[in-house]
């Protein structure tokens, strides 16, 4: 804990972490309590460090209350999968568990490039962790005040460069993991081992969540500006030579609190490969010591940078690491969408990217997606890759297997030629009924909204054009609406704030356009705006660039001064 924390009142989460015996708490005791389906007191928060959130089915919460029953408590688990790579045999294991042991029967791909189980009841939690462990998966530090799942560009076309970037993502993930043995002790019946220190994270762990990426330009699939720490790959002659380091991005905010805001990351400069882990460690250590531990709403790295100054933070990282940042090397992001369909890699292998709306893999009446993915995993000899856009890549397909994979995919609705560009460029967080923070619908509303936006595009004569659109149930940032050309952020049932002005590359924060409005209001606004865009845009000008150029919303250049102005 830093000197500054000794003279301020710390948030209760700091007490909880300090008293947790390195994330053990009394979780093991709670597991045996059959009176409640949930976790009590501090354990409600501590299970997050083990990759779980306690939730309940909000659709039936009221009915259960009438019957004098507690909410239908369950947990959501988020796996740790650096770079999103999963083997077919691992996929088959998670498919079976989702089918047999979860309330919803689905696998949910997320913007954190991993999968989630939703609706796991208390008696099944320990078995879930043991199953995952048996196939080489865990959920350590995918939630809580730690470094979360490390993202990496899923770029199987440039196989050698991607492999190097992925290996760095995995190394960073391992280096920044909590060292406590609490996870193995509680869930895997591991031998108890006393923990006396956390050399990187500290005994109180981090002030708030911390997110890291490794990305290969020109693809910004991982949305670097949504993350605390980013390593942007710099290559020469196809070989990775180092990274530009971007620090201080983040999208979460609180409605009505102007001291909170989304923020882009700052470019600290270039480092050669050999300094990667050292820089990762000391960006984390500076945030550990300097981050706000009294107000969790202002605890993330982005606020630390704005409070102490970017140059001061950067200099402290250099001092601790014994490394000076060189001038940033040139790079450019040009897009961030996934290349849906087949592509051939430089190694001659083929890769099929499957569009999965909102990442929800389930057997629908007309699209048995889950069965299709299972059948692919049963025959596929390469690997599978989850993308930060909630899609799934069947990677490393030999030429003689292409037809087999494609037939399975088409027969199960995993390839649908009717999917429009607008549908592919729209995304939603989970929201209702499972997320306790959701103020409005997101995933369940997205298909309907997309159809209405598609109709407006067709009305104005551009059915093949699209707008990067994201819908989220609350302002916490999971669906990355604050980097969309058009972002809808839930404010209440059926009501959203509408933000406009992001760009295709994901390098601009949008600005509030409409506040707390219903569908009739924002669809009328989109009707007018799309008409203007079609009639008045420059050649190739995207929707987000258009609304900035025309002054429909002001450009957010410096978030702390511009976002709420």
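Every residue, even glycine, has its Cβ placed from backbone N, Cα and C.
What Swiss-Prot records for the [4Fe-4S] cluster site is 435, 474, 478, and among 373, 429 the residue it adds there is 429. With every protein chain in view, the residue among the binding-site residues 429, 435, 474, 478 whose Cβ has the most Cβ partners within 10 Å turns out to be 429. Using the Cβ center of 429, 435, 474, 478 for [4Fe-4S] cluster, the list of other same-chain residues with Cβ within 8 Å runs, in sequence order, 430, 431, 437, 438, 442, 472, 473, 476, 479.
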